[in-house]
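For reference, the structure discussed in these notes is given below.
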Amino acid sequence: MFILTTIGGFGPFISGALLIKTSGQSLRTWLSDIFRIRVAARYYLAALLIPIIVIVLAGAAHVWLFDGTVTLSTIPSVVVFPFYIGIVLLFNGIAEEPGWRGFLLPHLQATQSALTASLLVGIVWGVWHLPLLILPGHSLTGVNPWIYLPGVIALSIILTWLTNAVKGSILPAIFFHASYNVSTSYYLVGGSEGATMSLTGGSLLLAIFGTVALVLLIHYGPAQLAPVSQSIIDGSIADRTEHERERFQK
């Protein structure tokens, strides 16, 4: 089962690459654009720290409000954290983000606002994961879909900000994706694995991530969700976006 879900996890990446290739665009150019390393360090830092801070706050709130517990007994030692996050980077962030933020997001933003594009990406992203909620033995098994889907949409808004702020590179989004997944393993709310997405723990996460998304929307505006001094998309990605606009106008 693990092998099947791992292979299937690369579906967004493979789909994005195939669509780029079949549309006649350069696959190499696309990959070099979305995996551009030269990004301001503060965005890498934000990508790593935001999920950790939010999940720690959710854990603390759960203990305070619901007399819950936080346990580290079922997760690996902090010593293996770098190794663990490296694995998650490969099998989650790199597997998915080229499809979500590398392909779908810029194509939607060719005709939609950043907020609308974020909502659409979030819906697709969330629905794509829904089968895992009923798959036996998966970390998402039993997660409340009414908590999960709005949470994914909130994360989508935050990730749009990270991607637009660095002009199309998905590396901060990949780091955020990995940090989120690792952090939910290290800070288990309620004392059992998966409890971070229970009705209480998940509601707290949704509330805090939703607040972060709302602050970003208010500060940067729904049109581009990025600093005004920076264009949403740069270089050849901008060329592709313009190409998409022309296609929709025909």
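From the backbone N, Cα and C atoms, a Cβ is placed for every residue, glycine too.
Please treat TrEMBL annotations as automatic predictions, because they have not gone through curation.
Record features (TrEMBL):
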TRANSMEM  43-66  transmembrane segment
TRANSMEM  78-95  transmembrane segment
DOMAIN    82-182  domain 'CAAX prenyl protease 2/Lysostaphin resistance protein A-like'
TRANSMEM  115-134  transmembrane segment
TRANSMEM  146-163  transmembrane segment
TRANSMEM  169-189  transmembrane segment
TRANSMEM  201-221  transmembrane segment
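Same-chain residues lying 6 or more positions outside the transmembrane segment (201-221) and placing a CB less than 8 Å from one of its CB atoms are 50, 54-55, 57-59, 61-62, 65, 68, 115, 143-144, 147-148, 150-151, 154-155, 157-158, 161, 189-190, 195, 227-228. Each residue in the domain 'CAAX prenyl protease 2/Lysostaphin resistance protein A-like' (82-182) has a pLDDT score, and their mean in this model is 87. Residues in the domain 'CAAX prenyl protease 2/Lysostaphin resistance protein A-like' (82-182) partition by DSSP class (helix H, G, I; strand E, B; coil) as 80 helix, 0 strand, 21 coil.
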